[in-house]
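Swiss-Prot lists 92-318 with the feature domain 'Radical SAM core'. Summarising the annotation, Swiss-Prot assigns disulfide bond to CYS99-CYS323. Annotated S-adenosyl-L-methionine binding site per Swiss-Prot: GLY151, GLU152, SER181, SER204, LEU205, HIS206, ASN280, in sequence order, evidence recorded as similarity to another entry. Feature annotation from Swiss-Prot assigns active site, S-methylcysteine intermediate to CYS323; the stated evidence is similarity to another entry. As annotated by Swiss-Prot, region 'Disordered' applies to 342-362. The feature compositional bias 'Low complexity' is assigned by Swiss-Prot to 343-362.
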Amino acid sequence: MRLPELRQRLRDHGAAPCHAGRVLRAWVAGRPLDNRRQRAEDFLPLRLRNALPGLFDELRNLAQVHSEHPGEDGSARLLVRLADGQTVESVLLPRDGVCVSTQVGCAVGCVFCMTGRAGLLRQLSGAEIVAQVVLARSRRPVRKVVFMGMGEPAHNLDNVLDAIELLGLEGGIGHKNLVFSTVGDRRVFERLPQSTVKPARALSLHTTDRALRRRLLPRAPDIAPQELVELGEAYARRTGYPIQYQWTLLEGINDTEAELEGIARLLAGRYAVMNLIPYNATEADGFNRPSWARAAEMARRLHRRGVLAKLRHSAGQDVDGGCGQLRARALDAAPVLARRPLPSAETPAASPKAAASIGFPG
């Protein structure tokens, strides 16, 4: 169910804008329609009240917990079953946050990510995205939503922006606490500044070397890291929210001295935060995360060079809950494989035009 369809159905049942807002706020908050000041029967039209039990049943069925995997850090990985039987992952974060998925699978094909191995299976609707937040709120308070789960939000832009608008206007979540993550897609830089709700931004950078980035993110738009940073900086200055750069640390690949110099050159003095995230290793690819001492050293040295760098724990490492791992295990689709080699430097990367030609319906 898409969010415009949900709003239309409410109108068809006699809901005026004030009635629809009341219903949507109750759903997103996971609270009953009645409150201490006003009962639903004194406010909502009878036809709408009669239709709501069936509608709420549909909304509950959009996303249900298939399995839950608590982590020692206070996080919990949820394998979420959708109404058609497909599954995605959500993560309850330690401090009142949730990480949600935007697609079943992913077309970007990052070589260190389990999600992209099966490719893109389908888009999530805006209602399915919001339903993950509702599910999280049934377990703990949620004041922050990060769109960093399975999928590339830029490839499902209309539905993701619909979800962001609902969460920001009716869901009680501050705009800067809605974090849109992307590998870097020009459509995002064009659309987000025009949105009513302007979320914070996270950019998956992972390297300052353009050729290496093509190999790590083989189907991402081929935008030079320098240009990505310039685009990110412009958005940060416009919204007043610092850009978050995501950097999955891979031992011997992007934890080198050359990368340290590259990060300092690109980000020193920028309105930005560099999140260094040691890789969540799996048996299926053979990549390794560097030692914690090496990761901490990188963060310290970047601080000294004028880069606000934070060393992050990847939520769920102790339960092997990296992006796509729970789903792969549930599908029995994670055989032990030899390490996948990086594509050779000669392998042609997907051009922005080629990436745009792939169909990503809204």
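Positions of Cβ are set from backbone N, Cα and C atoms, glycine also.
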Inter-residue Cα distance where the pair is SER181 (S-adenosyl-L-methionine binding site) and CYS99 (disulfide bond), in Å: 11
For the domain 'Radical SAM core' (92-318), mean pLDDT (0 to 100): 93
Cβ neighbours within the same chain of LEU205 (S-adenosyl-L-methionine binding site) - under 8 Å, at least six residues apart: ARG213, PRO225, LEU228, VAL229, TYR245, GLN246, TRP247
DSSP state at CYS99 (disulfide bond), helix/strand/coil: strand
CB contacts for GLU152 (S-adenosyl-L-methionine binding site) [other CB atoms within 10 A, all chains]: 31
Max CA-CA distance, Å, over listed S-adenosyl-L-methionine-binding residues GLY151, GLU152, SER181, SER204, LEU205, HIS206, ASN280: 19
